[in-house]
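A.B. asks: Pulled these from TrEMBL:
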BINDING   Gly24, Leu25, Asp26, Cys27, Ala28, Gly29, Lys30, Thr31, Gly78, Asn134, Lys135, Gln136, Asp137  GTP binding site
BINDING   Thr31, Ser56  Mg(2+) binding site
Amino acid sequence: MGLYMGKLIAKLYGQQEVRILMLGLDCAGKTTILYRLMQSGLGEVRDGTACAHSASLGFNVETIEYKNVKFTSWDVGGRDKARPLWRHYYPNTDAIIFVLDSNDRERLPEMREEIGRYLNEDELRDCLFLILANKQDLPNALPPDVIREKLELDTVLRDRQWHLQPTSAREGHGLYEGLDWLTAKLGSKEAHKYVTQSVVEAKDDAVAMTKSNPIKSAVRYFKSWLGNVGQATAT
């Protein structure tokens, strides 16, 4: 059991690698957010005002390290022609970051439709869902509570772990708060996974032991196991 606890602690405190799929309609600011995070808020940010000419047609893949979590982020183009290709990026995805333009009232129904489409994909059923309400720096941007109501997020995402975070990619506001939520949820999800795995493995070993050794050996084994658990909890 000490080996299992060691694996668990390593998973909890070692570097965790996750796969993030960044989606959203065209001109929402996905690429700007990705490069803002890469630059840690420093340097020149790509001008999102020219999105009609520069919206991603394919995808950008970048690795970002934040709070001991290594994010491999796939920024997939949001144009109509690119959307049927999105499903090729679904396998092994841990979380979805959906970026929306808070200033784009006319496309709210389209945003709601896209979110619903992801929820119906089997390969994404266990994904965390972080929604970035981007472009909050614009004067006519819808506030988060209005976006939440218009997109019916409490109903659509009722069976998911999700969070709506207001952001401004241009100014760098709200991005790290969104990542804080994501890293916290990913950490608790990973911990639950490995605790469950460790208990199952310990149970299997105990069953094998009782078949080949006296009952006293099994009792000693479980006492040792409980001692290890107590020490790990105390620390």
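Cβ atoms here come from the backbone N, Cα and C positions, even for glycine.
Quick one: where do these features end up spatially?
C.D. replies: Other C-beta atoms found within 10 angstroms of the C-beta of Asp137 (GTP binding site) number 15, with every protein chain shown included. In the three-state DSSP scheme, Asp137 (GTP binding site) falls into the coil class.
The Cβ neighbour count for Thr31 (Mg(2+) binding site), using a 10 Å radius over every protein chain in view, is 23.
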A.B. asks: Roughly how many Å separate the Cα of Gly24 (GTP binding site) from that of Thr31 (Mg(2+) binding site), to the nearest whole number?
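C.D. replies: Rounded to a whole number, the Cα-Cα distance is 10 Å.
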A.B. asks: Could you state the whole-number distance in Å separating the C-alpha atoms of Asp137 (GTP binding site) and Thr31 (Mg(2+) binding site)?
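C.D. replies: One finds 17 Å between the Cα atoms of these residues.
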A.B. asks: Using all protein chains in view, find how many other C-beta atoms are within 10 Å of the C-beta of Lys135 (GTP binding site).
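C.D. replies: A 10 Å sphere around the Cβ of Lys135 (GTP binding site) contains 25 other Cβ atoms.
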A.B. asks: Just name the most isolated of the binding-site residues Gly24, Asp26, Lys30, going by other Cβ atoms within 10 Å of its Cβ.
C.D. replies: Asp26
A.B. asks: Count the other Cβ atoms sitting within 10 Å of the Cβ of Ala28 (GTP binding site), across every protein chain shown.
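C.D. replies: The Cβ of Ala28 (GTP binding site) has 29 Cβ neighbours within 10 Å.
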